[in-house]
Amino acid sequence: MPMARPALAVGISLALLETLNDIGASEFLGVQTLTVTVYTTWISRSDLSAAAQIACMMLMFIFLILTLEFYGRRKQGFSSRSLREIQPTRVQGWRGWLLGGVISLPVLLGFLAPVLFLMWESAKRIGDENPLSSSLLSALQNTLSLAAGTTLVVVCVSMLVAWSARHSAADNAMPGFRRGVMRLASLGYAVPGTILAIGFLTPAMAVDRWLADLLDVRGLPLMSAGILLVICCAMRFQAIAIGALDSGLGRIPPSLEQASRLLGENGAGTFARVHFPLLRPALVSSALLVFADAMKELPTTLLLRPVNFETLATLLYAEAARGTYEEGAIAALMIVLAGTLPVILLVRHQMTRRG
């Protein structure tokens, strides 16, 4: 148990943060969480100040959790004397069947059963004359555009931040810079999308008004073009890419960069010829994870989307709000496939590297 504590802490933290960010399941199952209260106070009652006050309470709770976890882990280190990969233990007989059944139960109830229901409902609607309506195709196009834009911004910014953190640590210019950057990046994922949207809205509207006066245009350029939505989603998923890229950079020996510099390459050439090829697996994996998360992001998209901008997640939310759950089966199945394909590709990539 002591050796498994870091993995357990990460898993529990992710589960808590995902639960805090949830709107759809909590609202439709009748669970009045603080996140749902923030959303309903802002949208249904049009009271942004009250929603901001509730959001501040949630922020205090989140920082309390992160602080307790940080002080619980301080002065603790975990290492392994063996460099060999841990081999799985084969369990025979009835114990093996029992263990396999217990492990498979969450997958069966939480994934296979809902997916089979969605496939059944989708198959019934595919038999119709026009199963892929114009609204569904438009939502799919908007979802792919949002996910692609968010992924591009996240990967570029994360690469810059991870690169700067590595060089500051190597030069000993700012000893705590790398650690501080990693903690700051993780805050975006820790804060629910509703709170991020509230925090971005007021300054973004001020910037939008300034841009509208400067460019002599009507409306709010940042919000109407979806730029604010992409920025907010990028802030939320920054930790995923930064963690993967920082880990990938950490596996590259400094001697390779030193050899490249001795051969006359500058910083850009060293990155293009040495670091980028070695970082390609980390870049691909982080991009896939961010793309999948951005496709199914609901709270931020609901609050900051432009007018008449529907994604698969918001379309499914609207069908559920009307009580026509089955009509959103195709959209839900698309979201499931979008989240499953990156996982399959990552598992195949890891198995190929091990093989």
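Each Cβ is built from the backbone N, Cα and C atoms, and glycine gets one as well.
Any TrEMBL annotation is an automated prediction that lacks curation.
Predicted, not measured: the structure shown is a model, and the values here were computed from it.
Taken from TrEMBL, the feature domain 'ABC transmembrane type-1' covers 1-67, 140-347. The annotation transmembrane segment is assigned in TrEMBL to 49-72, 93-120, 140-163, 184-202, 222-245, 278-295, 329-347.
Within its own chain, the transmembrane segment (222-245) is flanked in space by residues 145-146, 149-150, 153-155, 157-159, 161-162, 181-182, 185-189, 191, 193, 196-197, 200, 204-205, 207-208, 211, 279, 282-283, 285-287, 289-290, 293-294, 297, 300-301, 304-307, 309, which lie at least six positions past its ends and keep a Cβ under 8 Å from the stretch. Taking every listed stretch (140-163, 278-295, 329-347) in turn, the largest tally of C-beta pairs under 8 A with the transmembrane segment (93-120) is reached by 329-347.
When Cβ-Cβ distances below 8 Å are used as the criterion, the transmembrane segment (140-163) is approached by residues 181, 185, 226, 229-231, 233-234, 237-238, 240-242, 245-246, 249, 271, 275, 279, 283, 286-287, 290-292, 294-295, 301, 309-313, 334, 338 of the same chain, each at least six residues removed from its ends. Taken residue by residue, the domain 'ABC transmembrane type-1' (1-67) breaks down under DSSP into 52 helix, 0 strand, 15 coil.
Same-chain residues lying 6 or more positions outside the transmembrane segment (184-202) and placing a CB less than 8 Å from one of its CB atoms are 17, 20-21, 23, 35, 38-39, 42, 48, 51-52, 55, 58-59, 62, 66, 158, 161, 228, 231-232, 235-240, 242-243, 297-300, 303-304.
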